[in-house]
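Let me begin by presenting the structure, written as structure tokens, before commenting on it.
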Amino acid sequence: MRRNQLPTPAFLLLFLLLPRDATTATAKPQYVVLVPSEVYSGVPEKACVSLNHVNETVMLSLTLEYAMQQTKLLTDQAVDKDSFYCSPFTISGSPLPYTFITVEIKGPTQRFIKKKSIQIIKAESPVFVQTDKPIYKPGQIVKFRVVSVDISFRPLNETFPVVYIETPKRNRIFQWQNIHLAGGLHQLSFPLSVEPALGIYKVVVQKDSGKKIEHSFEVKEYVLPKFEVIIKMQKTMAFLEEELPITACGVYTYGKPVPGLVTLRVCRKYSRYRSTCHNQNSMSICEEFSQQADDKGCFRQVVKTKVFQLRQKGHDMKIEVEAKIKEEGTGIELTGIGSCEIANALSKLKFTKVNTNYRPGLPFSGQVLLVDEKGKPIPNKNITSVVSPLGYLSIFTTDEHGLANISIDTSNFTAPFLRVVVTYKQNHVCYDNWWLDEFHTQADHSATLVFSPSQSYIQLELVFGTLACGQTQEIRIHYLLNEDIMKNEKDLTFYYLIKARGSIFNLGSHVLSLEQGNMKGVFSLPIQVEPGMAPEAQLLIYAILPNEELVADAQNFEIEKCFANKVNLSFPSAQSLPASDTHLKVKAAPLSLCALTAVDQSVLLLKPEAKLSPQSIYNLLPGKTVQGAFFGVPVYKDHENCISGEDITHNGIVYTPKHSLGDNDAHSIFQSVGINIFTNSKIHKPRFCQEFQHYPAMGGVAPQALAVAASGPGSSFRAMGVPMMGLDYSDEINQVVEVRETVRKYFPETWIWDLVPLDVSGDGELAVKVPDTITEWKASAFCLSGTTGLGLSSTISLQAFQPFFLELTLPYSVVRGEAFTLKATVLNYMSHCIQIRVDLEISPDFLAVPVGGHENSHCICGNERKTVSWAVTPKSLGEVNFTATAEALQSPELCGNKLTEVPALVHKDTVVKSVIVEPEGIEKEQTYNTLLCPQDTELQDNWSLELPPNVVEGSARATHSVLGDILGSAMQNLQNLLQMPYGCGEQNMVLFVPNIYVLNYLNETQQLTEAIKSKAINYLISGYQRQLNYQHSDGSYSTFGNHGGGNTPGNTWLTAFVLKAFAQAQSHIFIEKTHITNAFNWLSMKQKENGCFQQSGYLLNNAMKGGVDDEVTLSAYITIALLEMPLPVTHSAVRNALFCLETAWASISQSQESHVYTKALLAYAFALAGNKAKRSELLESLNKDAVKEEDSLHWQRPGDVQKVKALSFYQPRAPSAEVEMTAYVLLAYLTSESSRPTRDLSSSDLSTASKIVKWISKQQNSHGGFSSTQDTVVALQALSKYGAATFTRSQKEVLVTIESSGTFSKTFHVNSGNRLLLQEVRLPDLPGNYVTKGSGSGCVYLQTSLKYNILPVADGKAPFALQVNTLPLNFDKAGDHRTFQIRINVSYTGERPSSNMVIVDVKMVSGFIPMKPSVKKLQDQPNIQRTEVNTNHVLIYIEKLTNQTLGFSFAVEQDIPVKNLKPAPIKVYDYYETDEFTVEEYSAPFSDGSEQGNA
């Protein structure tokens, strides 16, 4: 090291200006009280006091003052003479964030009092939310945990007013209130609907203070990736490098390489900031490379960089790489991306830590790091430091880590600041707009002089790096003392305290002997590093000199983010077989509660999780500012008295005082660590009485300001007195044979989500079964202890793997008579060759012939695969299972020229998959329903099952079911009431509303079980979520929501329907109030002056237009909805609506026309309103319109209405609108007054109602629903009301026997214990004659369901004209991949001007799947509102059809090759008039080998 010395100025002027006692030792009593300048309310804090030269016991008091009030924190706390200790205190709270604290020390002869500002911070407890995984599919269950701890990470039994789930549209879809965290943790879950809004959801936890903690997760339709594409390349490269090596690898989730084609695309894109006038020069520069992956699944390419013009500006300063890997055999292609920054800064210097202040006579020190452009340390290089303004120059050499410790002797320094610039290489100063030059960054730092009137100092030697928990760190302290002041002293006491997490953590003292006259030297303090000090601690040390001067220093230490609760998680081994038993061991502090999680690595590949980590936990701690500065708050100053700034003449020389001293002092050091110091010692630098703006020596810039401005790259200006901390740039087996077989069918995404309490020894264990997925599982845990607090485990892995396994490839469904190739692929991941036998289990359900000859065994060497195929022709209908087994054999035979080894464990892998085998033609269903009510007599019903002449052979099947409850069938099928799609806002309500009626009915009849309740509640939750997809921003709802087009208005009818349903569902699930309020407000704006409601939006059901006019029918419906919410009759909206209806009824009653539909709604509306007279008038009028058949009663629309076609022995099925209007009449009979219970109905009304019920019950389908949505909803409401009115809890039972003319006989027992149980039997004789006998006492509901397929027959009177054509798009002769287009033309040819909403249901030809983008694109057409892909069907929703032809097309592609392809049907039907339908068939254009379209 070499140094250039410059003369230093004397302190003469300062000496003359200082008070006379600055150099005179005294022994006056000295008090120091230390309190954090920011304190937490409700959390214990400490006030520390040290006394010097106090020869008596004194009393310490702390008083908090705010708003003219005083609160005693410490009252007359006795403090022994010459002691140093801390006393705890707690501030319960303050209405103001800034208050004052007064310290008073008094004794027999002493009194000291001072006041200073402090800030009170409300200590919000750290809270975090953990979900079981970061991404979910529609219909999955979201599981999450809420955890609360205090600032010491101990569990907090906190109660949160509300926890809720928020959708991407900020709708609240689920809510829990008053959630109490026993032991600091609570687990919750909720189901996503099968059709939720996709995007980012939030779990929101709201605290009592109103603060919200949010945790996000994503809902997305996804397929878990089988493998990951990894790009290995350097993150940064120098712009002078000529080659860039890139490696792309494919790795399965279970760790094995992916065979396939690797394609690399390497680009340097042009900068968007560059002008576009350079034409071709502005284009991106790209190169492409392609090659088969090697045996490690990788492709390595060394890219020449010359083509990318790295020295030229105007392009992005990075190289971007995209790698695609197409898996061999499947064609599955996944992508990975990577990038490499281009750097012209070939070296970087940075201070990792450096003194912020300097003290003359003590070494100024710091540490610098030298790295190259990649962040790699540069060792054994000379670096130069220059200290200004003195010009000192020093040379240091970096070590093997690129670090150099800098130490500068400051013995002769007197400047108010110093600046240190460290340089490795000088830069060539030249700038070119289009050309890059080599650049080397410097490290630049400024430090400020610490003022001491006696030139006495203490300084903490810098400690570099992060301190590990549990270690003892020796801290070296340098000191320099004024000999004149200390000459009579035998020792000096140094006091130190440690501040962590904003509070005083620990304290101590060190007595330094001065008997040897050692006024300059070093001593050490051992500091024990504890978890409570993390993540950063401040060490403050000070001493009080005999001249009353206080000298001090402070330093920040980075502490390892550790926890007192050490958590260890382990599996017995790193690899296990699928479906094997294992256990997860956890060890932590005794009696901890541990939360365990294990997730499929595939999920994390899809969406990497922001998992719990020490960093994320520590980030939750409430923050205190280091300095505790109070901006804009009055602070009681305790500066020294000012000194004169006038010129002084000495020995004939005139001295001008230096103004605006930029030095730091002891006070600023305490302030830098957020400590308020109350003392009578000298802690301030001199202050001149006159403010003087100009500082001539520095050209008008104050030294401190210059120090800030001068800090350049690599420096950081931090709290005064605390050294700056920088960031690093760098980122043998027993041969006993055991046959082991695995049958794999359990494939979860989250495997473990459990709470495990630990025993007194701190051990716990969870026994689990490894799922069947061959993948890597990532497991982690956190534990909570009341004593040691929170602890986190590291993430551990378990590979679920077996040395070989089997994969089956087969289609979803085929038509009887078709043949397909079943492929079984065996993968061997052992290091040696083995003999494998692959068998397909024989079954009478199919015929399987091996393809390419039959071999007893197959040889598969390490990391190879073998595919075995069978040509399969199904023989049975329905779900046909295929069971394939691969077994490793003990065999001495050679595999080619390689020896086979006998596996240590001979494994069998069995995979079971199914194919649905469907009959030809289209499916038809007929039902026969009857209500049988024997009263201690035997009733008998003879009936027969017949089949139509065009039935497809073998397709017929029939069942007979018995239920003791009229709603029993619906209860069994709450989510499957209709065999129709549910893809719009109204259809979704049929999944939602019946659950309310079922819950209310079972509650009222005291039959509700937990199982039914749980199921219905979950359906309500799911339906609520889905319905919000159809909500508009104004609170209204429409059939397709915003999906129907940006300008689609809200639908008045649907909004009323949703409003009523949400209001009624509130008693069962959480419904956000604003959804009800906003819908009602929107609906209110649609009410006209006459009380009627105007229509908004398109009515998809024409039946609503069948009344006098749309307005009356609609108004009646909305009035019913408002009354059922329920709103009182006195409410203005209801009162006005009833006026509208009364006016309409007056008009209708004078009319000669029969408005049955409208009258049915009016009757129910007046019944709900309690208007007996109007109800009676309407029911009397309706009675004249009734259709009376034997013991049943119903209503139908005027005119000759065509019934739904049925076989002669079945009752004709009524159209949807007639079921709906009949159900409304039934509701009117069952509602005499809204306030009266249903059971108070007259016997006359009940008698009429029972006749209506008999007719309605006969219209039910086999799932408990009816034809369409509205008839199902209203009819189930009416049936539930009737069921409640007639329910009796009888101990009697009914016996039902069904017999055929052959030998078949089956008896059912129905009683109060099993009345909700569905009892069913398959009928053997088709066709056949049967008799049903009923005896006992009570009512039973009987249903016979017959299903069969028929071949489509052209009908000249079809209500829809349907034309289908197919055209090949890609005719692959090999048959590996074929695509074709389906072109559909459709129009309405029925009797109405237009249809209702229409569904086009396109079934896929076997082995083909739709190309989803082409299906989605159909929604761009004006009349097509929505499309769905549902297994092997494409559903297209059309708003309405007229006689104008609507044409559209989409593409399909081959998924699995199938031979002898059969045609597939396309069905077009009216959603609300399901008897109006047309069916056509189409064939794949490859079926006959031609390339022409056919249908």
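Keep in mind that glycine also has a Cβ here, set from the backbone N, Cα and C atoms.
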**Prompt:** Quick one: which of 450-508, 568-626, 686-744 does Swiss-Prot have down as region 'Bait region'?
**Reply:** 686-744
**Message:** Pick from Cys833, Cys859: the cysteine that Swiss-Prot pairs with Cys861 in a disulfide bond.
**Reply:** Cys833
**Message:** Just confirming the record: what cysteine out of Cys277, Cys286, Cys298 does Swiss-Prot connect to Cys249 via a disulfide?
**Reply:** Cys298
**Asked** Compared by Cα position, which of the recorded positions Asn412, Cys642, Cys783, Cys833, Asn1385 is the closest one to Asn157 (N-linked glycosylation site)?
**Response** Cys783
**Complete:** Cys1339 (disulfide bond) and Cys469 (disulfide bond), compared by Cα position, are separated in whole Å by 76
**Prompt:** Which of the three DSSP states, helix, strand or coil, fits Cys1092 (disulfide bond)?
**Reply:** coil
**Request:** Give me the Cα-Cα distance between Cys933 (disulfide bond) and Asn382 (N-linked glycosylation site), rounded to a whole Å.
**Result:** 104
**Prompt:** Among the recorded positions Asn55, Cys249, Cys298, Asn382, Cys833, whose Cα is within 10 A of the Cα of Cys859 (disulfide bond)?
**Reply:** Cys833
**Request:** Please classify the secondary structure at Asn412 (N-linked glycosylation site) using three-state DSSP.
**Result:** coil
**Message:** Give me the long-range Cβ neighbours of Cys594 (disulfide bond): same chain, 6+ apart, Cβ under 8 Å, in sequence order.
**Reply:** Val567, Val586, Ala588, Leu755, Val756, Pro757, Leu758, Gly764, Ala781, Phe782, Cys783, Leu784
**Top Cα neighbour of Cys86 (disulfide bond) in the set of recorded positions Cys861, Asn881, Cys1092, Asn1443** = Cys861
**Message:** Are there recorded positions among Asn55, Asn568, Cys861, Cys1140 that sit within 10 Å of Asn1385 (N-linked glycosylation site), Cα to Cα? If so, list them; otherwise say none.
**Reply:** none
**Prompt:** Taking the Cβ of Cys469 (disulfide bond) as reference, which residues of that chain separated by at least 6 in sequence fall under 8 Å from it?
**Reply:** Val529, Glu530, Pro531, Ala534, Ile559, Glu560, Cys562
**Asked** Including all protein chains shown, what's the count of other C-beta atoms within 10 A of the C-beta of Cys861 (disulfide bond)?
**Response** 16
**Complete:** Residues near Cys267 (disulfide bond) by Cβ (under 8 Å) yet at least 6 apart in sequence within the same chain, in sequence order, are Ser284, Ile285, Cys286, Glu287, Ile319, Glu320, Val321, Glu322
**Prompt:** What three-state secondary structure does DSSP assign to Cys48 (disulfide bond)?
**Reply:** strand
